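Novice: Could you have a look at this structure, given as structure tokens, before my questions?
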């Protein structure tokens, strides 16, 4: 009887060990499948992060991608110039030379006829170059926080000769700088450090937000993007709400959302290069009237970080913050490496394997 019982006990113990081993293997496998949700207000750099993942973790852009982005570069460039020209009368800025009026008319005509995605004609290229060199246009550009303008405007308009060449082909950096509004959900899959990543980018504009929250309650982590440089700008959607205040509000609603109680949150304070330039001449008090610090990058950036971290109401949830420049591949590679290490540690801890 004793022998029979010990045989049963041994069999039960063996079964128990097998179940535990299977559970552990399942846990390890589950810990290898990483779902990341990329969130943030419109134009915070989410789509650029997705493009960087293609460059860093996939085989980069295809020949077809380069071909498809060529008209986008043309359109982004001419539409940026149009945005500046349209703002001039609103800001009571004159051209330094009256002849620029006819150049501006040519640029407006091209956009009106919806030819903005086509290569620049020689006449159009010459007109755009004259306009961009005009002192009045440059003055209006320097006040771009007072109207809506793509971040990449200067990047493209400073390089009109290259973009206007007959044999122009976009570079990787050109593609990273392009702006196309994201609608719906963009999904990217890649492997890194023996993990299988699924990255979801969701349209940032207000009208899109209600579509995603409940669908992603099982994500491993949220990467929340904030454009640091937008502290002195207002929204496209209503032109009265400060963009950074809107970002803070959205971060609050995500960070403390019931669906994401146990979800790691990684905060990308993005566009640090533009912020570093801007903070010298545009005070942070535009967004945070109570700020008493200096007009200096380190102090101002730390203050912005503290405002976002203060929104976290959970004592058990940590916010992992990084200052980023989404158009800088080396910077994003370095930051994503650090992010992955945090995810690995958290995931293994969650499975009881760390």
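From the backbone N, Cα and C atoms, a Cβ is placed for every residue, glycine too.
Here Swiss-Prot flags 2 as N-myristoyl glycine, drawing on sequence analysis. As annotated by Swiss-Prot, S-palmitoyl cysteine applies to 3, with the evidence given as sequence analysis. According to Swiss-Prot, the feature domain 'G-alpha' maps to 32-354, an assignment based on sequence analysis. Per Swiss-Prot, region 'G1 motif' is recorded for 35-48, and the stated evidence type is sequence analysis. For 40-47, 176-182, 201-205, 270-273, 326, the entry in Swiss-Prot reads GTP binding site, with the evidence type similarity to another entry. If you look up Swiss-Prot, you'll see 47, 182 marked as Mg(2+) binding site. The annotation region 'G2 motif' is assigned in Swiss-Prot to 174-182. Among the features that Swiss-Prot reports, region 'G3 motif' is placed at 197-206.
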Novice: Between the Cα atoms of residue 326 (GTP binding site) and residue 47 (Mg(2+) binding site), find the distance and write it as a whole number of Å.
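Specialist: So the Cα of residue 47 (Mg(2+) binding site) lies 9 Å away from that of residue 326 (GTP binding site).
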Novice: Quick one: of the binding-site residues 40, 44, 176, 202, 270, which has its CA closest to the CA of residue 182 (Mg(2+) binding site)?
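Specialist: Minimum Cα distance from residue 182 (Mg(2+) binding site) across 40, 44, 176, 202, 270 lands on 202.
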Novice: About how far apart, in whole Å, are the alpha carbons (Cα) of residue 40 (GTP binding site) and residue 47 (Mg(2+) binding site)?
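Specialist: Answer for this pair: 11 Å between alpha carbons.
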Novice: Using DSSP, what is the helix/strand/coil residue split across the region 'G2 motif' (174-182)?
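Specialist: Summed by class, the stretch gives 4 helix, 0 strand, 5 coil.
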Novice: Between the binding-site residues 202, 326, whose Cβ has more other Cβ atoms within 10 Å than any of the rest?
Specialist: 326
Novice: Using DSSP reduced to three states, classify residue 44 (GTP binding site) as helix, strand or coil.
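Specialist: The residue in question, residue 44 (GTP binding site), is coil (DSSP, three-state).
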Novice: Could you tell me which three-state DSSP class residue 326 (GTP binding site) falls into?
Specialist: coil
Novice: Pop the mean pLDDT for the domain 'G-alpha' (32-354) in here, whole number is fine.
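Specialist: Summing pLDDT over the domain 'G-alpha' (32-354) and dividing by its length gives 92.
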